[in-house]
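S.K.: Just lifted these from Swiss-Prot, have a look:
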- 9-21: compositional bias 'Low complexity' (COMPBIAS)
- Cys120-Cys126: disulfide bond (DISULFID)
- Cys143-Cys152: disulfide bond (DISULFID)
- Cys266-Cys366: disulfide bond (DISULFID)
- Cys291-Cys335: disulfide bond (DISULFID)
- Cys493-Cys511: disulfide bond (DISULFID)
- Cys500-Cys541: disulfide bond (DISULFID)
- Cys503-Cys518: disulfide bond (DISULFID)
- Cys566-Cys613: disulfide bond (DISULFID)
- Cys587-Cys596: disulfide bond (DISULFID)
- 53-490: domain 'Sema' (DOMAIN)
- Ala648: GPI-anchor amidated alanine (LIPID)
- 1-44: signal peptide (SIGNAL)
Amino acid sequence: MTPPPPGRAAPSAPRARVPGPPARLGLPLRLRLLLLLWAAAASAQGHLRSGPRIFAVWKGHVGQDRVDFGQTEPHTVLFHEPGSSSVWVGGRGKVYLFDFPEGKNASVRTVNIGSTKGSCLDKRDCENYITLLERRSEGLLACGTNARHPSCWNLVNGTVVPLGEMRGYAPFSPDENSLVLFEGDEVYSTIRKQEYNGKIPRFRRIRGESELYTSDTVMQNPQFIKATIVHQDQAYDDKIYYFFREDNPDKNPEAPLNVSRVAQLCRGDQGGESSLSVSKWNTFLKAMLVCSDAATNKNFNRLQDVFLLPDPSGQWRDTRVYGVFSNPWNYSAVCVYSLGDIDKVFRTSSLKGYHSSLPNPRPGKCLPDQQPIPTETFQVADRHPEVAQRVEPMGPLKTPLFHSKYHYQKVAVHRMQASHGETFHVLYLTTDRGTIHKVVEPGEQEHSFAFNIMEIQPFRRAAAIQTMSLDAERRKLYVSSQWEVSQVPLDLCEVYGGGCHGCLMSRDPYCGWDQGRCISIYSSERSVLQSINPAEPHKECPNPKPDKAPLQKVSLAPNSRYYLSCPMESRHATYSWRHKENVEQSCEPGHQSPNCILFIENLTAQQYGHYFCEAQEGSYFREAQHWQLLPEDGIMAEHLLGHACALAASLWLGVLPTLTLGLLVH
């Protein structure tokens, strides 16, 4: 990558020296030790590495990895079958079929499904927003708002087959929070069937053996996030788990406004024996999901998204549940739970606020042979639906995997095996800025931590990410915005510069060094060089020392204003400008500007000479830039003056905010 050139400003008179800060007072030894221990603990948790190490713009291959909609799509839904090169996207009155064949140009076909209802009060209400796409035996099921008359269609070999109005399959408005879950011939939904009544949200079985719904009192203004069916050891014990957040029943002013929950239902629930319970779920229980860090006193109580990663051995209890949470300041945390822990909480916990002996069978217990739940058991669970025990994250500390100042909204996780055989879990998290963070979960090594590898810009034009789907077979990520659909590789090894050291310092388990290139482990038939030492990966390279930066020279007149700019390729490194063994400027990790800039306000004779921009990242040290400032001669001055005039506008405007901030701080 070509670094931005240094810039020059007009000469100025010398400035009076400003007194430096007062001498630093010594801290007591005990306090210094406590601060060191706190810093070490924070580093071990990975919070200091929660920001992305590098920033990458995914340009893709021309014509192959991005396709525009051709119109603005404010609401999209994406359907992708693992291993397929095709992606279905539902939009406004249309269903798009994108095809991304390997190594060939992408294509798009459009199926029009316009509104069939002509009368509507608002133009926006006249649209048919497709909100559901699902593969069924009859074809691809597409359901939409249809001018506030929710309806469905089957797409069969490019033909649209109307199915008429189907309440519960699509909301009346695309802005409504909704979930629809399919399992065989069964359909579960949180969508209300009537537009102007029944406004209390419910979780329903709308197709199956018997229609059921949750009691109106067991949830308070829920926002549904995810639902799944878990097949347990006995078929009658199969569970429906759904994740949501709701208003906090604790009205203490210091209590959070929202709490995050997981609810359980028995899939074989047939309703109750009494008139009050015959049409209701009789096995509903809910538990609080905890995602907090006691060491920093940070609580994250707003669940944003959930991703379930099944265990490769097929053990349902070892399924990992990744939850993305936020707090009122839109900082985020990722907490990981196990289905086994969730199941144990529901099986063994007492009920919150209930102090008598539990009835038999206990609330939430699934019964064999589709037996109805006794009325007493239903009444206790209906009045006390929350279990007392909370669901805590996995691990001995019961803390978040990591937390971050970024606002994450969606998550997908890929389990992969590196070249040396170690298994990694790689998280892909969307931000509210329309980017994707690629984070490696800590391994089993001592002192390992979550590592944020990079931030990816997936679109041609910046926009919010509406949908995301991960294909583990093709190793692709599919994301959509209001403008386009993009196919992003999971590896992206070509973005790492700096030779072998830069490749291994990325700590990207998808990438390795082979035959002078940083390549994907999937593109090589033999084992590639990867680091097995997460603390000092650069030491695995054949040449232990990175190459020195090439010397660049510039001639300047005395008393000139000038700046030297060094691109901060790694945001986890400290960049320093050194001149005659003195550090003139230092830019720490988290520095807001993409460049570390040394501003020379008034060039004196002592300030001519060699300037080195040096990057320090752990034990890895490299020389990023090397400049020599020379006294100006007539010929060189004329050449440089012309060059500076040509670049003055763009360069000066680009660095002016950073220079202003630097001068104010100075």
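Note that Cβ sites are derived from N, Cα and C of the backbone, with glycine treated the same way.
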S.K.: Could you state the CA-to-CA distance between Cys511 (disulfide bond) and Cys126 (disulfide bond) to the nearest Å?
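M.R.: Just about 49 Å between their Cα atoms.
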S.K.: Return the member of Cys120, Cys587, Cys613 nearest to Cys366 (disulfide bond) in space, with distance defined Cα to Cα and candidates limited to these disulfide-bonded residues.
M.R.: Cys120
S.K.: Of all the disulfide-bonded residues given, namely Cys500, Cys566, Cys587, Cys596, Cys613, which is spatially nearest to Cys335 (disulfide bond) at the Cα level?
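M.R.: So, of the listed disulfide-bonded residues, the one sitting closest to Cys335 (disulfide bond) is Cys587.
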S.K.: Name the residues of the same chain, 6+ apart in sequence, whose Cβ is under 8 Å from the Cβ of Cys120 (disulfide bond)?
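M.R.: Residues satisfying the criterion: Cys126, Ala147, Arg148.
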S.K.: Out of Cys143, Cys152, Cys266, Cys541, Cys596, give those disulfide-bonded residues positioned within 10 angstroms of Cys566 (disulfide bond), comparing C-alpha atoms, in sequence order.
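M.R.: Checking Cα-Cα distances against Cys566 (disulfide bond), the disulfide-bonded residues within 10 Å turn out to be Cys596.
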S.K.: Taking all residues of the domain 'Sema' (53-490) together, what is their mean pLDDT?
M.R.: 94
S.K.: Name the residues of the same chain, 6+ apart in sequence, whose Cβ is under 8 Å from the Cβ of Cys143 (disulfide bond)?
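M.R.: Set apart from Cys143 (disulfide bond) by at least 6 residues yet with Cβ under 8 Å, we have Ile130, Thr131, Leu132, Pro150, Ser151, Cys152, Trp153, Met166, Tyr169, Ala170, Val180.
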S.K.: If you count, for each of the disulfide-bonded residues Cys291, Cys503, Cys518, the other Cβ atoms lying within 10 Å of its Cβ, which residue has the minimum?
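M.R.: The disulfide-bonded residues Cys291, Cys503, Cys518 were compared, and Cys518 has the fewest Cβ atoms within 10 Å.
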S.K.: Among Cys541, Cys587, Cys596, these being the disulfide-bonded residues, pick the one whose CA is nearest to that of Cys291 (disulfide bond).
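M.R.: Among Cys541, Cys587, Cys596, Cys587.
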S.K.: Cα within 10 Å of Cys518 (disulfide bond) is the criterion; apply it to the disulfide-bonded residues Cys266, Cys500, Cys613 and give the hits in sequence order.
M.R.: Cys500
S.K.: Are there disulfide-bonded residues among Cys266, Cys493, Cys500, Cys503, Cys541 that sit within 10 Å of Cys596 (disulfide bond), Cα to Cα? If so, list them; otherwise say none.
M.R.: none
S.K.: Counting Cβ atoms within 10 Å of each candidate's own Cβ, which of the disulfide-bonded residues Cys266, Cys511 comes out highest?
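M.R.: Of Cys266, Cys511, the one with the most crowded Cβ is Cys511.
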S.K.: If I take the Cα of Cys500 (disulfide bond) as reference, which of the disulfide-bonded residues Cys266, Cys493, Cys587 has the closest Cα?
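M.R.: When the Cα distances are compared, Cys493 comes out closest.
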S.K.: 10 Å Cβ neighbour count around Cys126 (disulfide bond)?
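M.R.: Neighbour count, Cβ to Cβ under the 10 Å cut-off: 18.
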S.K.: How would DSSP class Cys518 (disulfide bond) in three states?
M.R.: strand
S.K.: Relative to the Cβ position of Cys587 (disulfide bond), how many further Cβ atoms are located within 10 Å?
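M.R.: Cβ-Cβ neighbours of Cys587 (disulfide bond) within 10 Å number 22.
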S.K.: Among all chains shown, work out which of the disulfide-bonded residues Cys366, Cys566 has the most CB atoms within 10 A of its CB.
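M.R.: Result of the Cβ crowding comparison: Cys566.
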